[in-house]
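J.: Positions annotated as domain 'BRICHOS' by Swiss-Prot: 137-231. Residues or ranges marked as N-linked glycosylation site by Swiss-Prot on the basis of sequence analysis: Asn170. Per Swiss-Prot, topological domain 'Cytoplasmic' is recorded for 1-54. What Swiss-Prot records for 55-75 is transmembrane segment, and it gives sequence analysis as the kind of evidence.
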Amino acid sequence: MVKVTFNSALAQKEAKKDEPKSSEEALIVPPDAVAVDCKDPGDVVPVGQRRAWCWCMCFGLAFMLAGVILGGAYLYKYFALQPDDVYYCGLKYIKDDVILNEPSADAPAARYQTIEENIKIFEEDAVEFISVPVPEFADSDPANIVHDFNKKLTAYLDLNLDKCYVIPLNTSIVMPPKNLLELLINIKAGTYLPQSYLIHEHMVITDRIENVDNLGFFIYRLCHDKETYKLQRRETIRGIQKREASNCFTIRHFENKFAVETLICS
């Protein structure tokens, strides 16, 4: 029998020869790992801070977008809003309010005067805009008038004085937009001859209105940057009314089948 043996010293020597290889393999480090270790810690942004900046940017963009939308809607309404119908009409009336149901042959002929005005009707908004140009007679002022049925207010802008006057809407004198539109269509078609009479209303200036923002879009559009005052209505009568005050001005207009002379006094 042959007994095979190994030299233990030789085995240990070969094991020692293998050790440098393993040590060399342990020293191999990827280059990118070295690059990471070389970064400045101050250049690394914390995750929480990046999230905060992201939320700030999102909120800022949302506010900017909301501002653009609201601003665009306001500018569209302010500059691009057009009335449903625009009419330029005239109304003949008897100034002295003499109405003859059956005029006699020897009766004097009735002397008619004429009011001409530009009427814009915003039917969906329940608003009437009336522009009275410089009248034929010097005893009446040109004016712009807004009747807002939603706000139940009337505003007069006297173009000579460049001042605004606001009073509660008088629905007994002012036709609703739908009815006024029908009247204007009939006048335009010639089915209604606008020969009518004149009524008088007397108003007194009271307090000044400092802020017109709450008076509705249309009255704000008419009266912003203008001196604006409240009016108090006195009794409206048919026929000539004696003028009790000398510091007055008159606006003649119509938004019904009859003409109205609005006397405004301080």
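Cβ atoms here come from the backbone N, Cα and C positions, even for glycine.
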J.: Could you please provide the mean pLDDT value for the topological domain 'Cytoplasmic' (1-54)?
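T.: Residues in the topological domain 'Cytoplasmic' (1-54) carry a mean pLDDT of 55 in this prediction.
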J.: Once the chains shown are all counted, how many other Cβ atoms turn up within 10 Å of the Cβ of the residue listed as 'N-linked glycosylation site'?
T.: 14
